[in-house]
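Peer 1: One structure is given below, represented as structure tokens, and several questions about it will come after.
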Amino acid sequence: MGASTRFRRQSGKVPYNSTAASVIIARFPHRITFGCPRPRGNENGMFDDKIGDLGVTFDDVLLQPRYSEVVPSEVDVSSQMTQRIRLQIPLISSPMDTVTESEMAIALAKEGGLGIVHKNLSVRRQTEEVLKVKRSANGIIVNPVTLNPAQKVSAAAELMDRANVSGIPIVEDDRTLAGILTRRDLRFLEDPDMPISQVMTRENLVTAVGNVTLAQAEKILTEKRVEKLLLIDEERKLTGLITIRDIDMMKRYPRACKDPQGRLRVGAAIGVGDYERAESLIGKGVDVLVVDSAHGHSRNVIETVREIKQNKSWDIDVVAGNVATAEGAADLIAAGADAVKVGIGPGSICTTRVISGIGVPQVTAILSAVKVAQEKNIPVIADGGIRFSGDITKAIAAGASTVMIGSLFAGLAESPGKMILYQGRTFKAYRGMGSMGAMVKGSSDRYRQKGTEAGKLVPEGVEGRVPFKGPLSDYAYQLVGGLRAGMGYVGTRTIEELRRDAKFIRVSAATVRENHPHDIAITQEAPNYSPDVHSGDAG
């Protein structure tokens, strides 16, 4: 094996095909080669290329420690999701109907990651979920929701719930400020048909004219002891809004993932050819679209990506997938994808590999995609197979820029899955988008079975439960803490250095057993390790 190969034998004394061989992954980005023996072909050589190189996944490798002067708390874990979107932590929540809606997306964006709202919703409902995220935190709200004084208070109550706001500026038809209406004004009203003009606050409105910095706004709000500062021009027309809640949020979450207007970033999934959904989401400020398919290396996905990117008026970043080969990544990049999502079948709830016989072990898939993606400076997202924080470190060391999380986030308080009490323990429902329930609800197009009646669907996923883990903030801290620790062991200060410099060693099945706690009965679980995950037992 040449010096350019990704893996190398440690010693010439070990037989080449021995299962005891230890193989080191050399410098990024060359592909894995293990010299897996291939069947002999006939005189025409028709079988010569039937079996490719041996593939590996997360449990098959470990990162080698190196001399380090890096302290884990000092590393920079920010990374590119696309060329225009940089995350402060390299975590993205999966567009699954038991993982990501607005609550999950808000919580993750506050921590510095990004959530992708699933598409098993109507266009209107998915758009509303995106709007909830965009309106949950702002610097200066340039286009706040407003109502007219003649409208009914019932319309105000409905808008507050839908937009997740506690107060609404009231303006005349020409945008002249007339007053403000808050939830407190509606609390004891019995007549829902009463006009807003009879309830709203008209006098002593706290306003500011012209450009106002957030520091100036905070001073005004503190002095006046109010929660909202209305921004107006010289003609008293409403130009924006600043809230004390948003100022407090920016102080509490300084690493939040925000757009140039100070709003939290959010993504949304769409199906192939779903341009109506794409247009609606883009119109409401979504930051990135994910063309979501089980087989991203297909004509319909490629055409969808190309069509969206050629529409210059949309000007939106597009993530496309899923793929598991260099060829798949190359074709999506050629179509205009701003990031490529890698992973076919590694997810805990996915049965694609056993039902269809298709897939590539995840580390090998990442390495293959990165080999071509890096030439175009296109980030790779590792999607699936992440069971521990160490797998995040391995995925990035293999060349991914970020990882997409499903099962680990499904058990969090912010996920939309329902709570389940089973044998005295609390769980949350979790299902694959290829499960029968999810496909019936709307995800059948992801598996190229759109329009198929329920009795004829061929599922590629299962439904189950995962242990309840509490709030995302605590859990994300542990995941990122594991990544920081790994970077400290390897001696890399940034995600880019980890991708470039880390080296792997291939391990045996005995080593995998040795990796986990052994020869002990665990009496107190750690917040970042569950023996249930290792054993595959969900309770």
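In case you wondered, yes, glycine gets a Cβ from its N, Cα and C as well.
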Peer 1: For the IMP site that Swiss-Prot describes with Asp383, Gly384, Gly385, Gly406, Ser407, Tyr430, Arg431, Gly432, Met433, Gly434, Glu460, which of these is also annotated: Ser348, Ser368, Ser508?
Peer 2: Ser348
Peer 1: For the feature region 'Disordered' as recorded in Swiss-Prot, pick the matching range from 218-240, 517-539.
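Peer 2: That would be 517-539, the stretch labelled region 'Disordered' in Swiss-Prot.
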Peer 1: In DSSP terms, helix, strand or coil for Cys350 (K(+) binding site)?
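Peer 2: Cys350 (K(+) binding site) sits in a strand per DSSP.
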Peer 1: Is any of the binding-site residues Gly384, Tyr430, Gly432, Glu514, His516 within 10 Å of Gly345 (NAD(+) binding site) (Cα-Cα), and if so, which, in sequence order?
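Peer 2: Near Gly345 (NAD(+) binding site) by Cα: Gly384.
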Peer 1: Work out the three-state DSSP category of Gly406 (IMP binding site).
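Peer 2: The three-state answer is coil.
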Peer 1: In sequence order, what residues of the same chain, 6+ apart, have a Cβ less than 8 Å from the Cβ of Gly432 (IMP binding site)?
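Peer 2: Long-range Cβ contacts: Met96, Gly347, Ile349, Cys350, Thr351, Ala438, Glu460, Gly461, Val462, Glu463.
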Peer 1: Measure from the Cβ of Gly345 (NAD(+) binding site) and count the other Cβ atoms within 10 Å, all protein chains considered.
Peer 2: 26
Peer 1: What are the non-local neighbours of Gly343 (NAD(+) binding site), defined as same-chain residues 6+ apart in sequence with CB under 8 A from its CB?
Peer 2: Gly321, Asn322, Ala324, Gln362, Ala365, Ala382, Asp383, Gly384, Gly385, Met404
Peer 1: Using DSSP, what is the helix/strand/coil residue split across the domain 'CBS 2' (200-257)?
Peer 2: 20 helix, 16 strand, 22 coil
